[in-house]
Amino acid sequence: MRSDGILGAGGVGGGGSDQNRATSAVESRRRWLKRRETWLVLLGVALHAVYMLSIFDIYFKTPIVHGMDPVPPRFSPHPPAKRLILLISDGLRADKFYEPDVDGNYRAPFLRNIIKNQGRWGVSHARPPTESRPGHVAIIAGFYEDPSAVTKGWKANPVEFDSVFNQSRHTFAYGSPDIIPIFCSALPHSTWNSYPHEYEDFATDASFLDEWSFDQFESLLNRSHHDPKLKQLLHQDKLVFFLHLLGCDSNGHAHRPYSSIYLNNVKVVDKIAERVYHLLEDYYRDNRTSYIFTADHGMSDKGSHGDGHPTNTDTPLVAWGAGIKYPRPATGHSHSDSVTSFVDKHAHDMPTPYDWGLNRVERVDVNQADIAPLMSTLLGLPCPVNSVGNLPLGYMKLNEAEEVEAVLANTKQILNQLLRKSHIKMSNSLFFKPFKPLVDHSSSLSQIDELISAKRYEAAMKLAVDLRNLSLEGLHYFQTYDWLMLMTVITLGYTGWMIVLALHVLQCYSSLSGDLSRKGHLSVQKKDSRKVYLSGCLLMAILTVLNLVEHSPPLYHAYIGMTVFLWTQIFSEYRLIRGLWIYLRERKAGYFVKLLFAAAVAVVIVELLVHSFTERKLYTWFFLIAGFVSSILLHISIPWRSGVPVFVCISCWFLSVFTLMPAEIPDNNNLVVISGAIIIVISLAAKWLDTHAEGNKFWQSITFHESRKPMWSKLYFIQIVLVGVSSVMVSLSTEHRTQNQELNSSHQFINWLVAGSSMVLPLFSGNGILSRLSSIFLGFAPPFLLLSIGYEAVFYSALAVVLMAWILFENASHYSSKAKDSSPSEQNTEEHVTIGSEERYLQLSDVRIPLIFMVLFNVAFFGTGNFASIASFEISSVYRFITIFSPFLMAALLIFKLFIPFMLVICAFSAITKLVRVPRLGCYFLVILFSDIMTIHFFFLVKNTGSWMEIGNSISHFGIVSAQVVFVLLLFALTNLYTRTIRVKPLSTSPSLKTL
């Protein structure tokens, strides 16, 4: 017979050599294989660690550059305003601000009067992540959140940037300690104050925080009457007053945005705006003050924000005072006079909602970053040098010449950023590619100046706006300048790594290497290999020199060096690749059909796993289909009536229910107690099968024992008792803690004792597959029950039953294949040894084992949520072990709870590799290979825009699959303590069987 190796038929080389030489050769090969695989694992760890960092060089590189000269607008004789007051109501939704209450009264009567009689209004469109820091950065600095701030959780400045406050003569700012210091802590020409963090109490009405900010501002003006220096400062030009009003945000989080407290806070904010206006007008009496009222983000109905939903991105904008146009009648549906597209990517230019009562007043919408150049231009200041906002002329009261000059200054400021980025990139690049549309930007600027001199303002405006739009495109071009190179290098690196793994598996764990050796396709030519390595070293040296000349970051050297090294390794195996190509050309069409079918199934499963990270319900469909298909296959392969197909089908369908349940696990102690009873029933059934089915030739592989010891039955009984005790303690501990608000010390001691001792007992259980896995299942049940709060305790049993179904499926498949191969020659071929006396070559059909393992491994991860969900990190899970706050111990217990299902899956996987006699490390490398297909997929799905949750999840998904090379290996090493002594008896090929 010809054995179906992983890529096809292969046989066993003829023997006859001396026994000692054969033994020596096997030992030598084993040592070589151990060294090679140790090197391969270390390479994989290093590669994934380095490539994981690449996303920060690609997706999260700061757009901020320094070294540009500010460009002030050319106004004559003076700018429109001497001072500007900026009021930002944190978390204020546009609809809640503009719409009336249930009685038909509007919540902001003062600002509504401003809209109708004194100023301009619209909706300011925020870009996700709709958080407080990004919103304030957009408003005050004019650019959207520096994506490198992801490394600091959007809390601090990773790179210093310019702002309206920086350009001002002096800034006075009062408000939240989370916002004010971002802009003022390092600003010498500022006066600021913030309240203590303790003031932010979600249990109270937070509108008093807004009153605090106003009181500070009022106190400033009052002090000036007794402080000549302060009064002199307050009467200078280019001043900015900033009041941060946090009340709506805090009340929205605590009480939701439709609550009376939140809606009343809108009235408080309006009243503060009115008091600020009258206070300043009475103080200065010169009509040279501009007022801007807006919000950093909105608030969802659930009391959260961060994503791109309109309730989060749509914020109010009201402007009035010096330099601001008066209201105009609405003339159409367009709400913008200068913005070509809005950053929140929603449908716009929709009619103003009728209940707002503002349909007849012209509305001018802006992007949030447009507010910064608006404020700068009003004060005659240069726009912040990092701003990407477009000046919204629909708000400004300027003559035609001043409008062109203001837009030109805005354009030059954005163009200067592009020129600076271009200069930096050109000075460090040997093969620089300029942004072609702006190669001749100087002539465009000259043409604009000529048109202004000729007073052809309309033509000059059009050229300036076009130049500004091209400059913004150029900024994106240079921001992503290295993307193609880096993404190509990283993709080639992952691809090369997967090819190295595939070649290793083919060479060491399939019959291919032996086939090619016998046919003379693997003749050793060391000189050719040396040429390949020499060429690889030469290429690496050239690329290193190029990177040094271009002053590339150190990690660029690592990315490129790792990729070149991997492909050098691949080309050094060119004899194997050439032999593989010859081997494939000799195959028949039927073989390629099998290969393509296996590849298609693998691709479908890998894609299922990729999409399951965002849609857990896919597992439900998978297990519904898998239960049906596997039961049909078992019915065909088992030539007698058996309950195994039905058991496998029901097991899969039972597990499919859990991925439909919410990730937020509700407390249900009764369900946890019932789960203990379910665990005991399952273990008793396994014990009965282990005892009564040993003589059956179908079951003997999983019920085999070298010997039976009386202590094993006693051990089994002790484990069942411990499960029962843990179930009782779940009820007692929770009841006592609920009634007395503390954990009883005796309960705590018993819980720790039961959980700790139960995990040691499986080490002394029987070494048959069924008995050892049942003991492991019972051993981890007590700690899992004691750490459970709801339905996840039932999930533990459901997962264990499916793992048993997988073992039965593999047992049936292996039995049927053995039954077909009845001749002695066929049996010898099938049992050909590769590494040890109990392992055979991998076959094409064995690919199902790592694929099924990956599905179950991910189900163990997502079956009751995921690592970032409330379910997985519900702190009450640890209250039966500890209630006094101890972050490290609590975190360790929570992580251990997550690891327990993984332990079950890997123990079952190890048992199956022993059952079907395939090398576990060979399957491990296939798992990593398939995982890295997912890694490449997630690499391209990383996001640097969107909500903080979307960005964080995209990073974590990429990180999870990247870390599997280490994570899975560590769990293999840990579970090896439990599975290394498992013994399997070879299946008999005798056709005489008992019906089960």
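Glycine is no exception: its Cβ is also placed from the backbone N, Cα and C atoms.
Taken straight from TrEMBL:
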- 1-23: region 'Disordered' (REGION)
- 7-17: compositional bias 'Gly residues' (COMPBIAS)
- 39-60: transmembrane segment (TRANSMEM)
- 232-342: domain 'Sulfatase N-terminal' (DOMAIN)
- 483-512: transmembrane segment (TRANSMEM)
- 532-549: transmembrane segment (TRANSMEM)
- 589-612: transmembrane segment (TRANSMEM)
- 618-636: transmembrane segment (TRANSMEM)
- 643-665: transmembrane segment (TRANSMEM)
- 671-689: transmembrane segment (TRANSMEM)
- 715-734: transmembrane segment (TRANSMEM)
- 746-764: transmembrane segment (TRANSMEM)
- 849-868: transmembrane segment (TRANSMEM)
- 921-942: transmembrane segment (TRANSMEM)
- 954-978: transmembrane segment (TRANSMEM)
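Here the transmembrane segment (39-60) has Cβ contacts under 8 Å with residues 147-148, 150-151, 482-483, 486-487, 490, 493-494, 497, 500-501, 504, 553, 555-556, 558-559, 562, 566, 925, 928, 935, 939, 942-944, 955, 958-959, 962-963, 965-966, 969 of the same chain, all six or more residues outside its ends.
Count of Cβ pairs under 8 Å against the transmembrane segment (483-512): among 532-549, 643-665, 746-764, 921-942, 954-978, the largest is for 921-942. Here the transmembrane segment (589-612) does not touch the transmembrane segment (746-764). Their Cβ atoms form fewer than 3 pairs under 8 Å, with each pair 6 or more residues apart. Per-stretch counts of Cβ pairs under 8 Å to the transmembrane segment (954-978) identify 746-764 as the leading one among 643-665, 671-689, 746-764. Note on the transmembrane segment (671-689): residues 699, 703, 716, 719-720, 723-724, 726-728, 730-731, 770-771, 774, 777-778, 781, 785, 788-791, 793-794, 796-797, 800-801, 804 of its chain, located 6 or more positions outside it, place their CB under 8 angstroms from a CB of the stretch.
Secondary structure counts, DSSP: the domain 'Sulfatase N-terminal' (232-342) has 41 helix, 23 strand, 47 coil. Looking at the domain 'Sulfatase N-terminal' (232-342) alone, the prediction's average pLDDT is 90.
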